[in-house]
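If you look up TrEMBL, you'll see 22-275 marked as domain 'G-protein coupled receptors family 1 profile'. Annotated region 'Disordered' per TrEMBL: 294-315, in sequence order. For 12-34, 41-65, 85-107, 165-191, 217-241, the entry in TrEMBL reads transmembrane segment.
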Amino acid sequence: MQPSHANDFALPMFMFAGGAIGNLIAIFVLSVSIRERKSSAFYTLVCGLAVTDLLGTCLASPLTIANYLNPNVLKIPRVCEFHSFLLLFFGLTGLSIICAMAAERYLAICCPYTYQRWRVDPRPSHTVFCCLPAMGASASELQLSGTWCFINWRTPEPVAAAYCVLYGVVSLLLILGTIALNLAVCSALLLMRRSSARLPATGGSVRRRWTALSSTAEAQMIAVLVTTSVVVLACSAPLVIRVFHNCFILEQDPKADLASIRIASVNPILDPWIYILLRRSLFQRILSLTRRGRRTRGGSSPKTPRNPFHPELTGESPVLTQLIGNANITALLPSAVKSPTHNADSLCQTPTD
């Protein structure tokens, strides 16, 4: 099956333009958002995901487009191996970054001291792992649709088959890890809110401090994390399913394989618009309008108490991640730490009256 239809050619052109333009805009928006960039490592990972999506789009899509113009391009062995490496590497890196984002939020909220010592750089290991097919651990081949190259997932050779299964297992573990961390983050925040709500709203109480700290920043970060996770996992899961299917089932379905890689290619197009539409300034305006509408319908409400630690910050100030995501949390929340040797991980436990 060779690429010949004009409609088929228009699709990779549209995906290339959408991915490149969207990620360039997202990188610009993230670079000028100084407050967001300095708030925590979370936005460093977000920016890294945008750069990864941009590089993957700009490197892989031109080869696909060139193959539509000349069906013999991907028949060149070295070009096919390079195209396969790009799909393997950027697919795995995207899953790893979104998993690292979820882990970063979990550590920042529940284990701030551990978070200060947390450093992960998965790029070297990913590069070596994804280069293994070119080094002889597996073989890259032009798929039956004739438009993309990937590892030979139906090979009877034990080493190549083991690599195919290993790639699927690693991808599956990253997906499951991301889901588990997201659930843990949301559960921890929910427990903290419920615990603080049961405390009396007296001056200097934990409840008042949580009211001052939990705000737009918390909601916005979790919104970015959850939305990006849903998009990345939804786009990556079909290809992972096809990897396992083709490794263990001999039945061939080139249309399903092509659909899975196209769905995975949609991910770099959707990701940047999450950062753009959910950037903090716009998110604050949306929440402000929502709250204003509630106040209008429900009558006037008392003014939000000012932050006792920073008078210039009100209860709706985006400071949660700036305060919780570092080791200085003990200076800002003195009542949360009983002594200098108190374990920081106890901040995740339900506070008592």
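Each Cβ is built from the backbone N, Cα and C atoms, and glycine gets one as well.
Confidence annotation: the domain 'G-protein coupled receptors family 1 profile' (22-275) carries a mean pLDDT of 82 in the model. Counted over residue pairs separated by six or more positions, the transmembrane segment (41-65) shares at least 3 Cβ pairs under 8 angstroms with the transmembrane segment (217-241), which defines the two as touching. Cβ atoms under 8 Å from those of the transmembrane segment (12-34) belong to residues 43, 46-47, 50-51, 53-54, 57-58, 61-62, 64-65, 68, 262, 265-266, 268-269, 271-273, 275-276, 279-281 of the same chain, restricted to positions at least 6 beyond its ends.
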